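*Asks:* Please read through the structure below; I'll follow up with questions.
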Amino acid sequence: MFFFRRSNVKRAPRPSRAPSFALPKRRTSVLLAPSNQHDQLPFLRRSRFSALPHFRAHENEPESLSLFIAILYVVDLFGIFPFLTLPALLVRLGYFGVLLVLSIIFLQIYTSFLLSQCWTMAEYLDPSILQKRNYPYAALAELAYGPCVSLLVSVLLDLSIFALAVPSIVMAAQNLEAVVLRMSAGLYNFSYCYWAIIVGLVICPLMWLGSPKHMRGLAITAVCVMIIIVGLLWYCLLDAPAIGTPFEGVSMELPGFLTILSSYSILAFQFDIHPVLLTLQIDMKRKSQVSWAALSGIAITCSVAIVGAGIAAYKFGSMISSNLLLSLPTSVPFFVMLILMSLQLCFSVTVASSAMFMQIENFFKLPETLCCKRILIRSCVLALEVLVAEFVPNFDALMNVIGGTITGPLVFILPPLLYRRIRRMERVHQRIAAEASYGSLPLDLNYAPVELELEPLLVAKKPHSPPGCWLRVVRVLNRLECDISCTMAVLIFGVLATFLSTYLNLFTLTDLFKNNSPCLSNLTAH
């Protein structure tokens with residue numbers, strides 16, 4: 001047996017008896033993920049092409065968002081504004097108001113679907129766009145129309161998010177001031193100016209968080225607080241004594257044009273999720289489900305707000321105030337509700353501002369981890385928002401300007417434009433890729449993959465069965481390019497509504513500071 005022993009074989013190492021902390025640490029294995037950064041996309045700029053995938057190392061990232069958590073984010077983004085301002089809006093518009101609210105909400109859902117589809121197509125056309133995840137809206141504009149439009153989108157987006165945060169701070173400070181004033185029966189008043197600073201100090205540490213995927217606990221807490229607020233609000237409404245006859249002042253007549261235009265601006269302000277939608281989509285586990293998250297969140301918020309508006313119209317009729325809180329009687333649940341509303345507004349501002357801060361930090365090339373520069377930048381922006389809130393008389397005056405002039409282009413103009421452009425780019429890419437695959441063979445330039453997919457399904461289904469009829473309808477809509485026609489209709493509506501709202505705001509801008517803020521009055525007095 002000795003002669004058959006192999007001398008070149010190494011002995012297996014003996015197991016070490018040393019403690020685990022004394023052993024050398026093993027390096028963790030590097031996960032390799034394919035990257036399509038060098039795919040051959042002929043109509044896009046590329047420094048080099050390669051048929052083989054390029055692999056890059058990546059570290060373990062935080063867990064992506066599920067559909068349920070994304071729905072919670074959408075509900076939290078809307079906040080409590082629809083519950084407080086929608087009742088007076090519906091009473092002023094009459095039964096026509098329900099139709100207007102549902103129409104604006106449907107358009108919001110449709111344009112959010114267009115925006116999510118744009119990002120999906122952009123990832124297919126240019127996979128390197130994932131490196132621009134900190135400013136996705138501007139990245140889509142750059143892909144479609146170039147850097148100039150991207151800069152315009154960045155300015156509009158930051159201005160919209162900044163302006164949306166100011167009314168939330170104003171309302172949170174006013175609620176806390178009302179708690180002290182009503183509990184003391186008007187004997188003691190802690191000024192709104194100081195409450196705004198306190199609200200800013202509460203929001204400040206929350207602002208230091210990163211993207212939405214780092215705010216799961218915040219979103220769950222905010223929605224739990226929202227549920228308690230809705231329960232207390234309905235209790236206060238049902239417990240309040242009725243004023244006049246039920247539904248007094250709610251008419252069937254068509255309201256005036258200026259009333260409809262002003263209501264459009266308020267609704268666009270209240271149901272706006274587009275600045276944060278793409279950031280939410282990038283952080284989701286299944287990015288295609290972001291449309292369902294937007295649909296579910298909007299449907300939940302709208303349903304609860306319309307039910308509360310119906311109860312308020314039944315109780316108060318035309319005597320209802322533009323802010324529902326001013327029509328409710330004083331009680332212990334009312335005070336608890338005001339405090340929770342202020343807390344929820346702090347959560348809403350934190351979630352809504354994440355897209356703006358990520359874009360600013362990308363401009364300064366800051367890391368995604370928490371650092372001193374992030375704390376400094378976010379704290380300075382929040383201090384500026386509090387400073388603006390100190391000199392605004394009320395949040396009602398801001399909703400027309402923000403909703404009609406700033407939010408309108410981001411919601412009703414840019415999504416159809418981006419969709420039409422990127423959709424055309426995708427079709428050109430499909431044709432060029434087909435020509436590159438088949439070489440010199442004659443090709444049908446009217447190639448339609450949807451038609452080829454529907455043909456075997458139509459043969460398999462019975463012509464008069466419900467599935468067969470539905471497939472025929474889909475084929476007709478695809479041939480008519482109804483998605484392009486619908487986007488054109490929404491684009492025309494957005495341009496007209498934004499132009500008319502901006503024109504109206506130019507004449508009503510002086511009313512914004514007609515009644516000076518108490519902070520401004522105290523400053524001028526001293």
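Here the Cβ of each residue, glycine as well, is placed from N, Cα and C on the backbone.
Note: TrEMBL annotation is automatic and uncurated.
Sharing the feature lines straight out of TrEMBL:
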TRANSMEM  65-89  transmembrane segment
DOMAIN    84-427  domain 'Amino acid transporter transmembrane'
TRANSMEM  95-116  transmembrane segment
TRANSMEM  137-166  transmembrane segment
TRANSMEM  186-210  transmembrane segment
TRANSMEM  217-237  transmembrane segment
TRANSMEM  257-280  transmembrane segment
TRANSMEM  292-314  transmembrane segment
TRANSMEM  334-355  transmembrane segment
TRANSMEM  375-392  transmembrane segment
TRANSMEM  398-419  transmembrane segment
TRANSMEM  484-504  transmembrane segment
*Asks:* Verify whether three or more Cβ pairs under 8 angstroms connect the transmembrane segment (398-419) with the transmembrane segment (334-355), leaving out any pair fewer than 6 apart in sequence.
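*Replies:* They do not touch: fewer than three Cβ pairs between the two stretches lie under 8 Å.
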*Asks:* Any chance the transmembrane segment (95-116) and the transmembrane segment (292-314) are in contact, meaning at least three CB pairs closer than 8 A with a sequence separation of 6+?
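*Replies:* These two stretches do touch.
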*Asks:* Quickly jot the same-chain residues contacting the transmembrane segment (398-419) by Cβ under 8 Å, restricted to those at least six beyond its ends, or write none.
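*Replies:* Non-local partners: 85, 107-108, 111-112, 114-115, 117-118, 137, 140-141, 144-145, 153, 156-157, 159-160, 163-164, 166-167, 170, 261-262, 264-270, 272, 274-275, 392, 483, 487-488, 490-491, 493-495, 497-498, 501-502, 504-505, 508-509, 512.
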*Asks:* Quick check for me: are there 3+ Cβ pairs below 8 Å between the transmembrane segment (217-237) and the transmembrane segment (375-392), leaving out pairs under 6 residues apart?
*Replies:* no
*Asks:* Does the transmembrane segment (65-89) reach the transmembrane segment (375-392) with at least 3 CB pairs under 8 A, where each pair is 6 or more residues apart?
*Replies:* no
*Asks:* Any residues 6+ beyond the ends of the transmembrane segment (137-166) with a Cβ under 8 Å from its own?
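*Replies:* 115, 118-119, 122, 125-126, 129, 269, 272, 274-275, 278, 349, 352-353, 355-356, 359-360, 381, 384-385, 388-389, 392, 395, 398, 401-402, 406-407, 409-410, 414, 417-418, 421-422, 425.
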*Asks:* Top stretch among 186-210, 257-280, 292-314, 484-504 for CB pairs under 8 A with the transmembrane segment (375-392)?
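*Replies:* Between the candidates 186-210, 257-280, 292-314, 484-504, the best contact partner of the transmembrane segment (375-392) is 186-210.
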